[in-house]
Amino acid sequence: MLNRVRSAVAHLVSSSGTSSQRSKSPDLPKAISPPPGALETPKSPGTKSGNEIPAPQKTAETPVSFSRPTFLQLSPGGLRRADDHVGRAVQSPPDTGRRLPWSTGYAEVINAGKSRHNEDQACCEVVYVESRRSITGVSREPSHNQGFSFYYWGLFDGHAGGGAAEMASRLLHRHIREQLKDLVEILQDPLPPPLCLPSTPGTPGVSSPSQLVSPQSWSPQKEVTHDSLVVGAIENAFQLMDEQMARERRGHLVEGGCCALVVVYLLGKMYVANAGDSRAIIVRNGEIIPMSREFTPETERQRLQLLGFLKPELLGSEFTHLEFPRRVQPKELGQRMLYRDQNMTGWAYKKIELEDLRFPLVCGEGKKARVMATIGVTRGLGDHNLKVCSSTLPIKPFLSCFPEVRVYDLTQYEHCPDDVLVLGTDGLWDVTNDSEVAATVDRVLSTYEPNDPSRYTALAQALVLGARGIPRDRGWRLPNNKLGSGDDISVFVIPLGGPGSSYS
């Protein structure tokens, strides 16, 4: 009964169209309020109006969109079940014989009422890249060098609305494809990449990309690998996606922002790109191999502090780039207190000055850490309208859209059917550690035949169910009676043994 009341309240609050009502809505970036002592100090963002930050303003006639990944093939009734905060039914692609590319497993579940809809999105595609044919500038008969395909998986964890996550799930792989078009022939050529490409198509007499600028003619020259070209293409694609969101955020209602975790399989290698707090791990013969790391105010403290130090105008008169063990009080002026700045991993003492009474740029610990008392992730896409509560200070300058990309060479190992790459949004990792995921991998896959492609969907479902928990009087609980995840949870399980059946 309590869950039904919570769901009804969340529905009523989230459906409001005015900005004043949205500022109290639960579907906003996680925020913390300054301590009570802030009332005695220069104004800080959390002391102006309420504890939450306002979501991007909407007009009353703005429709609230709700969609799920197309590969789930949900009927209208299925969409309603997927949107039910009370039942929280796990969703997976139907077992109709047409499975996801590479026999990928997928499962998701909606949150327990923190936002009106599931703000996670997912994408799984096989993408063909055709050469621009402007590299060599000569016409050739069709050949295998004219293009290649890559496998693509993406998880997008939205916040302050699902618009950014939905847009990224539809378009990011297209940006990656565009960035790879110039590299089709280069990546299939065993010679080192050329230093320069021709500025205009139609370079006569050139039959190979390696002949455009001979590496031997430039000495010394940095060695550039094919891997680094793919990494650069993915990084550029993220930036272009973010720029597109900035341009179209009004006309296309690109609300909020999203963390992005993407995997590209190309020419024998997995490229895992992460911007946000979603994570990926490989479980190989019982061994756990992290393939990403979280980007939070804690993990990126020094980058944030350096930017605040170099551009103090971004902090206004409200924030300090320095970090203290706790909020500095006016009575402590002139005393020496522990602090650290952008260059420090340890702590030292400094004399407290008036500027130190400002609210810290990075505050809180663990999952409660925030940038400018507002948002708990430091990389991702979107958030172009995000500002400090009751302030004109934008937060976007401190948020990076560039991912960290890690490369895993599948050809270097013999993989068995139980070796998998697990991708999960933070709804999974908030309550499940790497060892528990690995144990679930072993437990679930051992009950299926190695050639049964449904085993990976079953594993994804088990991981989601394990993080969600079961409903009890005091909410969703794990078997140890600890709180289950109340967040949206999305999981991909990718077998490392090779491509499976794909959609026709």
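Cβ coordinates are placed from backbone N, Cα and C, and glycine is handled just like the others.
These figures come from a predicted structure and were not determined experimentally.
If you look up Swiss-Prot, you'll see 14-23 (among others) marked as compositional bias 'Low complexity'.
As annotated by Swiss-Prot, compositional bias 'Polar residues' applies to 59-73.
Per Swiss-Prot, compositional bias 'Low complexity' is recorded for 197-217 (among others).
In the predicted model, the domain 'PPM-type phosphatase' (103-496) shows an average pLDDT of 91. Annotation comment: Swiss-Prot describes 103-496 as domain 'PPM-type phosphatase', evidence class sequence analysis.
For T41, the entry in Swiss-Prot reads phosphothreonine, with the evidence type similarity to another entry.
Taken from Swiss-Prot, the feature phosphoserine covers S65 (among others).
What Swiss-Prot lists as phosphoserine is S75 (among others). In three-state terms derived from DSSP, S75 (phosphoserine) belongs to neither a helical nor a strand segment and is classed as coil. Cβ contacts within 10 Å of S75 (phosphoserine), excluding its own Cβ and spanning all protein chains shown: 9.
Per Swiss-Prot, region 'Disordered' is recorded for 1-102 (among others).
The region 'Disordered' annotation in Swiss-Prot covers 194-217 (among others).
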